[in-house]
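S.K.: Here it is, the structure in full.
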Amino acid sequence: MTAPSQVLKIRRPDDWHVHLRDGDMLKTVVPYTSEIYGRAIVMPNLASPITTVDAAIAYRQRILNAVPAGHDFTPLMTCYLTDSLDADELERGFHEGVFTAAKLYPANATTNSSHGVTSVDAIMPVLERMEKLGMPLLVHGEVTHADVDIFDREARFIDTVMEPLRQRLTTLKVVFEHITTKDAAQYVRDGNDYLAATITPQHLMFNRNDMLVGGIRPHLYCLPILKRNIHQQALRELVASGFTRAFLGTDSAPHSRHRKETSCGCAGCFNAPSALGSYAAVFEEMNALAHFEAFCSLNGPQFYGLPVNAGWVELVRDEQQIPGNIALADDSLVPFLAGETIRWSVKK
């Protein structure tokens with residue numbers, strides 16, 4: 001029997017879905033991402049969403065100002081799609097290298113999404129322009145109708161929004177973000193080269209029982225919400241198969257402790273401190289470490305048409321305890337897996 005590996009050396013990874021927030025929160029969380037990842041797709045859902053080139057440039061600079069000396073990190077900015085977005089502004093941002101992609105939030109699907117798209121038809125001219133440009137569309141794939149059960153919103157989105165959209169715009173590059181269901185896993189697997197998916201560590205590690213049995217665990221509450229075990233297993237099998245159109249997207253989404261531990265808590269897991277080690281643990285459990293580097297470091301650049309990162313990262317089998325909280329101005333952040341021990345950690 002071969003002894004388990006003690007070191008994993010991979011090409012420096014990228015995070016293809018992260019929330020860095022703004023202000024004091026941004027200054028606190030950016031270093032956890034910039035230390036490990038060469039690039040990150042930064043979500044545009046600030047309180048005032050990023051809908052113009054100038055706003056994206058200013059936000060990018062605030063991010064870069066928060067990157068510690070010695071970290072080689074490039075934030076990749078995204079445009080928040082709204083019903084009234086100017087297609088010319090989007091094209092200008094793409095050509096000038098400011099916007100890497102555009103994000104479709106169905107209105108009121110998640111944090112700061114009230115400005116989101118009310119219907120795909122409302123933004124069809126923008127999407128047609130994106131198809132011509134080869135600009136990726138990043139999709140939060142849930143319907144938000146009040147009569148649809150929260151656990152069914154992703155599957156319903158595939159049938160009523162995603163598939164009709166892709167039938168209409170056959171060469172539009174689409175990233176189905178943070179997929180959570182066997183329906184989405186199969187849909188992406190069956191798709192063509194214009195369709196890819198990101199998957200979070202929490203959706204690979206946990207299911208809704210982990211969040212709800214024996215007490216509510218608010219720090220596992222995110223959107224899309226954790227699903228049944230059968231869906232978790234489908235996601236694990238997808239990544240373990242070496243499927244090349246699935247890649248790392250943490251959806252790290254920090255909220256202060258008092259906004260999570262409350263009678264109406266916010267959705268999001270702040271997983272940046274432990275995500276890479278968490279992914280490694282899942283791949284090891286699935287006997288799929290041979291596919292770990294591709295998921296973290298190769299598949300995303302291939303889909304986006306970008307070069308892989310030049311540097312390397314080493315993970316070591318060295319148990320580390322995740323801190324119970326992280327200081328944040330006059331509050332604190334509770335990270336994903338707070339107080340728990342993970343068996344893979346990034347070598348400093």
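Please read every residue number as a count from 1 along the shown chain.
Cβ from N, Cα, C; glycine included.
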S.K.: Among Asn45, Asn192, Asn207, Asn287, which residue does Swiss-Prot annotate as binding substrate together with His19, Leu20, Arg21, His140, Leu223, His255, Ala267?
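M.R.: Only hit among Asn45, Asn192, Asn207, Asn287 in Swiss-Prot's substrate site, alongside His19, Leu20, Arg21, His140, Leu223, His255, Ala267: Asn45.
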S.K.: Need one residue: from Asp193, Asp210, Asp251, Asp318, the one Swiss-Prot lists with His17, His19, Lys103 for Zn(2+) 1.
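M.R.: Between Asp193, Asp210, Asp251, Asp318, Swiss-Prot records just one in the Zn(2+) 1 site with His17, His19, Lys103, namely Asp251.
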S.K.: Per Swiss-Prot, what member of His71, His178, His203 joins Lys103, His140 in binding Zn(2+) 2 at one site?
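M.R.: So the Zn(2+) 2 site in Swiss-Prot includes Lys103, His140 plus, from the candidates His71, His178, His203, His178.
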S.K.: Would you list, in sequence order, the binding-site residues among Asn45, His178, Leu223 whose CA lies within 10 Å of the CA of His17 (Zn(2+) 1 binding site)?
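M.R.: Matched binding-site residues: His178, sequence order.
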S.K.: CB neighbours of His19 (Zn(2+) 1 binding site) within 10 A?
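M.R.: Taking all protein chains shown, His19 (Zn(2+) 1 binding site) has 26 Cβ neighbours within 10 Å.
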S.K.: How big is the Cα-to-Cα gap, in Å, between Leu20 (substrate binding site) and Lys103 (Zn(2+) 1 binding site)?
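M.R.: Rounded to a whole number, the Cα-Cα distance is 15 Å.
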S.K.: If you count other CB atoms within 10 A of each CB, which of Leu20, Leu223, Ala267 wins among these binding-site residues?
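M.R.: Most Cβ neighbours within 10 Å: Leu20.
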S.K.: If you measure C-alpha to C-alpha, which of Asn45, Lys103, His140, His255 (binding-site residues) come within 10 angstroms of His178 (Zn(2+) 2 binding site)?
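M.R.: Passing the 10 Å Cα cut: His140.
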S.K.: Filter the binding-site residues Asn45, His140, Leu223, His255, Ala267 down to those whose C-alpha lies within 10 angstroms of the C-alpha of Lys103 (Zn(2+) 1 binding site); answer none if the list is empty.
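M.R.: Close binding-site residues: Asn45, His140.
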S.K.: If one measures from the C-alpha of Asn45 (substrate binding site) to the C-alpha of His19 (Zn(2+) 1 binding site), what distance in angstrom results, rounded to a whole number?
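M.R.: Approximately 8 Å lies between the Cα of Asn45 (substrate binding site) and that of His19 (Zn(2+) 1 binding site).
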